[in-house]
Every structure is written in structure tokens, then in C-alpha cells.
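Here's what TrEMBL has on this protein:
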BINDING   B:HIS28, B:HIS85, B:ASP175, B:HIS179  Mn(2+) binding site
DOMAIN    B:3-92  domain 'Manganese/iron superoxide dismutase N-terminal'
DOMAIN    B:104-207  domain 'Manganese/iron superoxide dismutase C-terminal'
Amino acid sequence: MRKEVGGEGEWDPDWERSKEVESGTEKMMEKLVGLAGRVRQLKPMIERTVVSQEFSAAAAAGVGTARSYSLPDLPYDYAALEPVISAKIMEVHHSKHHNAYVTNLNKALDALDKAKDVNEVIALGPALKFHGGGHLNHSIFWTNLCPPDTSQPPSPDSALGKLIAERFGSMDAFVTQFNAKSAAIQGSGWGWLGYDKARKSVEFVALSNQDPLEASTGLTPLLGVDCWEHAYHMQYFSDRPGYLKSIWRCINWQNVEHRLQAAMA
Amino acid sequence: MSTFKLPSLAFEYGALEPYIDATTMEIHLTKHHNTYVTNVNNVLGGPNGAAIKGLSLEAIQRSVSSLDPAIQTAVRNSGGGHYNHTMFWTTLAGVGSANSAPFGDLKTAIESDFGSVDEMQKLFNTTAATRFGSGWAWLCVGDDGKLFITSTPNQDNPLMTGIADKPGTPILGLDVWEHAYYLKYNAARPAYIAAFWNVVNWDKVVENYSTAKSGGTAVMDVPMQ
């Protein structure tokens, strides 16, 4: 698009500038169209993850008849978290480990129904905690995760961003501390970011085995990272720190923020 | 100052196939066990190391419950891990390279204390399968001279008096941390436990039993450097 000024073909700096802007705008339009397409692709996944899974996980853990808890579906394919967490790990973790917790929770509840006396009831305590905790923790975990690099960390002026900064100093400091303390868990356990409703603050807590956060500490779980070897061994072997470093690419911050909103309500 | 050194296996990584795979053996020794050696040496070389300096690895196990809190957790985990794995390697052998069943006094004792070798294995299997999370299952000689089976969490062991639920002298142990079996068995711990019996070095376990009965502990080399 040529524009002549003064009709004599003089060079017009404004026209040059407007041509740059125009071509720049065209490039930006192309990018926006591309982005819009990508957002359209991701939208159902985000919706499923945020809207339906976050609380269907809670539902799966808390609703249904006493002995019919069931394995929740993942909000994504087994391969969706590659290369951070391999498809093989996701498949075994979900269909074998989590599934076993559900099965054994239901078995323990059956046994509870049939308990002949108080001694038998009490004896079932550890199994209910192990398998109930395992079901609960994994249900939360799946919703805390998303495909790599698809979720932005909370902005410093969001509710979550402010609480993290207040408690840990900064997002970076939070991640460093979370990873150091999770790496240091002896044997099997979980690293948690939990919300303290009374103090209106967030805390990091490391727990052993499948001890559930809320029942053990009163904190509301926002984000949990499974540090059992089964969560990473096939891919990272003994390198738990490497697993912890990588997993932050897969944290679904919208889910964490939604959990916080629900806890603060 | 003398520090602990990672022991060598008496067999190739692949010698326990197909029951325990070669890759697991290599990673288990050179990564997991090695980390315990490094960490217990760090305690030795650190400001509070005097409490365990000069102690045998076995004596360190017995000392854990009375250690200074500054080093207790580290010694419990890495000193325990070093003992448990060092002993573990000596009680494994490829098929055909050692006696494949208990014999002699040990066999008699097993039959006396459990009814039969089969019943002892069943109890051991259940104990190993129901150790929740990470830990070890053990066949031990008690203070009363009788055999018993127990399990401990993480890297605890029955030598840790004041810590172990049922203290005693272990003569055979099985690592049930997921890293011990995950690559081949995934979530199927019971299948790993069943397979384990194919690669137990009963010559060594019989020797351990004899030593335990006379007041000693499992016979093993603990290399230093």
C-alpha cells in the first residue's frame, strides 16, 4: 500500500512507520489467531480439570455409599504429562496403586460393618487410614497436575500469590523449601501445601506414608506431591530431587487457586 | 579417619535373574545403598560424629536410640540403610550357587518355632506384604533363642533396641522399599516376595543363625577406607 504525500513521491516517515505497524499488526493477528486456536483446544481440558475434576475428586472421596468408593478418572490421558512424568508411570500409578487403595478401602469398610466387637473395630483403624488416605491423596494429586507448561503460577497480587509471599517470601523461595523438605522425607510420604483456615495462612507439611493432611493437621489440602518411589522410580530412579524439580512444570495452578477459594469461602 | 565403603556384591548384577533383575541390582547398590554410605560418612565427618566414631556398624545400630538428636535421624536412616543393605547382599545368591533351602539346626528350629518351612515363609510373606510404605521384613533370633518374624519401617532394623517394636538379631531380611522391586514388579509386591525365596543364600542364613545363637550378629564384611 503505497501512499504518496504531496503527490510527488516524497518519502514520508509516518507512512514508513505505519507500514511497520501494519505488518507488525498482521503478524500479531496471526499469532492471536493461532493462540485462539490453541485456547480452543485446551479449553475443554481446562474446564474438565478445573470445574469438573477438582470437586469430583472431593466427591469421589466423600460421596457414595460407605463401601463403594471408586477410582476417579484422570482429567487427561496417561501420556499427557510427558516428558515430566512418563505415561507408564501414570498408568501404573493410577490403575494399580490408586486402584488398590480404593479396593482395599472398600474391603476395610466391609470388614468394619462385620466387626464383632470394639477390638475388631479399633484393629481396622490403620487399614482405614492407609487406604482411605491413599484414595484421598491420589484423588487430590491428579487434579493438581496438568500437561507441562500449560498453567501459569499465581500472580503476586492473587490471593494465593499473596499468601505464598507472606509465608515463604516469594514463589521461588516456596518452591525451594517445598522441594528441600519433600526430598528429605524418609521412606514414603507426601509434601503438602495446606491452608490454615484459622490463621488464614498457608503452610508446608511433609507427612509419612498415606497420612491425610486434613485429618492429621487440620489444614485444607491445596497442593500435594507424591514422594513415594512409585511416583517417580521408573523414570527418575533414585533421583527424587530431579523429579521434584521437574514436576513444577505440571502443577495446575488454577486448581490450587480454586481449592484455596473454596477453603476461604 | 576411617570411613565406610560401599561393599561389592559376591555375584554379577544379573546373577539373580529372572527373580531380581540386573538393572535393579545395579541401581540398588550403586545409587540407593551408595547414598546411605555417603550420608553415614557425612555424619562421621561432621561436628557430632564422635558419638559413632570407632563403633562397628552393628554397634551403631544398637546405639541409635541413645544418640544426640542432632545426628540421631541421620544415623538411624543412613547407618540403618548401610547395615540393612550390606547384610541383604550377603543373603542373596544366584540359583544353584548355594543351598536352596534351610538345613541343619536352622531347619530344625524353623520347624519347631513355626511348624514347617512353608508356614514360616507364609508368615514372612504376609509380614513383608503388609509393611505399609517403605521398610524391611526380618527373620530373627530373639533373646529367648527362638526364631520370630517382624517388619520395621524405613531403614530401621531389629538391632535398634529402643526403636524396633520387636528387637532381636536378624538372620535374613527382605527390602520392601519400592526401589527394591519396582522396575520388574511395579505395584506387585507379593510377586516380588514370592520370587525372593528363589535367590536366598541359605548357607549364609544358616551361618547367621549359628552366630546369633551364640550371641553374635549376622556375619558380613563391612569394608572401610
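Glycine residues also receive a Cβ, built from the backbone N, Cα and C atoms like all the rest.
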**OP:** Identify, among the binding-site residues B:HIS85, B:HIS179, the residue whose Cβ has the fewest other Cβ atoms within 10 Å in this structure.
**Re:** B:HIS179
Original post:
Cβ under 8 Å from chain A: which of the binding-site residues B:HIS28, B:HIS85, B:ASP175, B:HIS179 qualify?
Top reply: B:HIS179
Subject >> Sorted by sequence, non-B:HIS28, B:HIS85, B:ASP175, B:HIS179 residues with Cβ within 8 Å of centre, Mn(2+) >> reply: B:LEU29, B:HIS32, B:HIS33, B:PHE88, B:TRP177, B:ALA180
Original post:
If you run the three-state DSSP split on B:HIS28 (Mn(2+) binding site), which class comes out?
Top reply: helix
Original post:
Which state, by DSSP, holds B:HIS85 (Mn(2+) binding site): helix, strand or coil?
Top reply: helix
Original post:
How many other Cβ atoms sit within 10 Å of the Cβ of B:ASP175 (Mn(2+) binding site)?
Top reply: 24
Original post:
What mean pLDDT score does the domain 'Manganese/iron superoxide dismutase N-terminal' (B:3-92) have in the model?
Top reply: 97
